[in-house]
Amino acid sequence: MRFASSHRLHPHLWPAGDSNADRETQRAVLLTLQARCRLCLEGKRTLPDLADGIVDPDSSIHWGSYPALLVAGALATGILIASTGWLVSPWTWSGGAGLSVLLWIMATWDERRRLVSLANLMRLSGAIVLGISVGALRLVVFDAPTDRSLHRQAQHVIANGDTTTITGHVAGAPTRANGSTRFKFSVATWRSENDVRPARGMVQVTLRSSPWDDAPAPFPDVFEGDRLSLHGQLEPPPEPRNPADFDYGAYLSRRGIHSTLYVSQAADVRIQTRANAPLQRLVNQSRAWIRMLTERHVPTDTSQAVLQALLLGDKSHVNDRQREAFARTGLMHLLAVSGLHVLLVGMVLYTLLRPILHRLRLSWRAIEILRAGLTIGVLVLYMLLTGSPPSVVRAVIMAALLIGGIVLQRSAHTLNTLGVAAIVLLMLRPTALFDAGFQLSLSAVTGIVVLNPRIEEASRAILPERWMTMAPVEWLVSMITVSLAATLGTAPVLLHHFGFVALGGLVLNVVAIPLTAIGLTAGLLMVLANPVAPVAASSFGIAADAAIRLLAETALWGETWMGAGLELTNPSGWTLLALITGVLVVAQFPRPRHRWRLVTITGLAICISFFVRLLSGDATPKLTVTFLDVGQGDAVLVTTPEQRHMLIDGGPVTPYSDAGASVIQPHLEHLGIESLDVVVATHPDSDHLGGLPTLFESVSIGQFIHSGRRASSDLFERSRALLHSKSIPSRAVVTGDRLALGSDVIVEVLSPPPQSISGAWSENDASVVLAMTFGKTQILLPGDIEATAEAWLVETFAEELDANLVKVAHHGSSTSSSSALVQSVTGGSVSEIIAVIPVGRHNKFGMPVPEILTRWHESGTRVLRTDLHGSVSVHSDGRSLSAQTIR
């Protein structure tokens, strides 16, 4: 006998027989239910208590019972089809919707004419076609520009990166980090020459002073809903500059943002009116109030930053070291506001409201309606406070449906409510389907609901039965199995987007989740208590600080001892298919027929992935030289056929960015490089040395090579201290030295010469100059040398400077690339020459200067620039060169 669609009565409580004993058992069950119903009406028991000990959850998943999930799947399929660029006409998909209506009409007609008909099949087909058509049509409409779209009207301004003035309002909560402020801006007008035109569209605005401005004026504080006038540089969304770069432009485009505006002076920001909508004012004031309370009552900066992340979804103040620790241990989901946080907020409020409302002597139904309404209202406010990320929107929708089901005394299955949440999110923004956050949120919930019952069954079969009767052991096993289910569910998504699945969280979550719950609950109580009992609020703040500090220490400790995980760089589609079907094997384990089909598919996908990777490999050994795009600076990675690695310079460091952390380290991880055999700092300027300290801390380094020149800067001293503390071998080189980089690549030092010659040279002229030989390929890497060093090189090595590949010295400045040097490099027997200029886009120095570009072009050299082409990878088989750019 079924109790509900997803529950069944225990067989021993509702036996199927007709004996007197069976009837007595059935009568006892009914009397128990009757007594519990009476207690519920009196407010002494809750509705879920009705089923306690009587109803047994049904662990089997019947996918046909979840129509909302099937509709969400149809919508997602339509969005995927439309995203390929195939069939993008709205009329095509409108026709598909018409076809679905026709199928329903035919089903009704067929059902009336025949005793046995295909009506149900036609209705199902019509519903699927309708869902696919609506999903595709929604994406087509979402992406379609209009005549008033800013990125259509101002195409020439955006393409050239010109300055303009726009007006509108702030459309999202601003984030502040590293001295800059970013926010979405809804445009109302823009200025074209002397004409102000109406426009519409979203722009990503960045308020950031120029790093070369010695005394910048502070920007005014802006809040969501403020109407502003902004003057700045309007540009297209940034494209990836390096192979491992996050595609920020695609990320913005998925959010309907097709241009960016950079404002570098405070005077270019004018506030026309502050936010005046009542709800928006409430949200802004609540955010400011919560920030003020955390700073007042929470003692430590780290806890303040983490608590603001938990309460407001603002992770901008969490330092990079802490973020890395949470990410490497699988605890990052605790910092990103998600279903767990919504559950804790809702549970705390829902629990506190019951005794308070009971004092009003209201009926049970009135109390439940008030509890539900107030809880859902607060959860919606919490969603707005956190900026409404997909995970929170999904969790709030599901919570509202579940709480509504309790009030209406209707069952609501988690998978069906998940489907409703997915439908809402996809209809609001269909491109959310491609966001990592959306995919992780849905896959985590699905993994817990579908996989956890199987894993729990397996754990109960393995562990002794007497252990499972102990509450602490049962709780511990439950925490681990839920973490394992969520990890398995999200593993394909994590590998696809990040190439790493942390496994430490399987154990650390047992400690970290309760600490997060304590910290978040204490933070909520701090906020609620402050108006009536500031002393109690301070106590709650101290409690939150203690819990969060323990949480942070757990992440740091876990990174040291449990930071391992599954790492798979650039997994193929076949590899991901094998992983997905492997997870489905766990879900369908009780069904042998489905299980063995999935096992077969998994095995085939693994074999195909292995052979594709094997056949795609290049048998010819190659030398690869990659000029990374680090802006106005240098960073060159050399990889030999023997897989030895040398990094020449580390790019710049500014108050806003560190090339070592943002470009070089991700690139090394992307290639699976864990150690560098040689690191060279050509000279101690910040645009070459800047990113190296980060690498000294995070990467194993064989030896460090430098010019012997010192610099009176904090950066130089920090580098020296790290070299000493990490025990990295270091030596200065001079002309005639050689660097060990395997047997097939010769690396010679051409400059600087001994102090007797170069003692009076500038730091640029004293750069380390390297000449590399691989087979018949010659490569010249001259650092930032200028006229003096170039003249000495031409005089000393005139016959030996010809090269197939040359890095243009000093970013193409007018003080380098003299006619004599260019002639020496290009005038030999080499026929194929590539010159690469590492230079920043729109740099204030005007590099590369036209004269230098002309000089290299006239010599017959192919010139590539990182500001135009992004990173440049040059491959050599020892005979010829091939260049590959990211743009």
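Cβ from N, Cα, C; glycine included.
Where the annotation comes from TrEMBL, it is an automatic prediction and has not been curated.
As written in TrEMBL, here are the features:
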| type | residues | note |
| --- | --- | --- |
| DOMAIN | 632-810 | domain 'Metallo-beta-lactamase' |
| TRANSMEM | 68-87 | transmembrane segment |
| TRANSMEM | 93-109 | transmembrane segment |
| TRANSMEM | 121-141 | transmembrane segment |
| TRANSMEM | 331-353 | transmembrane segment |
| TRANSMEM | 365-385 | transmembrane segment |
| TRANSMEM | 391-408 | transmembrane segment |
| TRANSMEM | 438-455 | transmembrane segment |
| TRANSMEM | 475-495 | transmembrane segment |
| TRANSMEM | 501-525 | transmembrane segment |
| TRANSMEM | 532-552 | transmembrane segment |
| TRANSMEM | 572-589 | transmembrane segment |
| TRANSMEM | 596-615 | transmembrane segment |
Candidate ranges 68-87, 391-408, 501-525 - greatest C-beta contact count to the transmembrane segment (475-495) (under 8 angstroms): 501-525
Stretch with greatest number of CB pairs under 8 Å, the transmembrane segment (121-141) reference, 93-109, 331-353, 391-408, 438-455, 501-525 candidates: 93-109
Contact set, same chain, for the transmembrane segment (501-525): CB under 8 Å, 6 or more residues outside the stretch: 294, 298, 303, 306-307, 310-311, 327-331, 334, 340-341, 344-345, 348-349, 476, 479-480, 483-484, 487, 490-491, 494-495, 536-537, 540-541, 543-544, 547-548, 550-551, 554-555, 558-559, 562-567
Stretch among 68-87, 93-109, 365-385, 391-408 sharing the most Cβ pairs under 8 Å with the transmembrane segment (438-455): 391-408
Proximity verdict for the transmembrane segment (331-353) and the transmembrane segment (68-87), three or more C-beta pairs under 8 Å: no
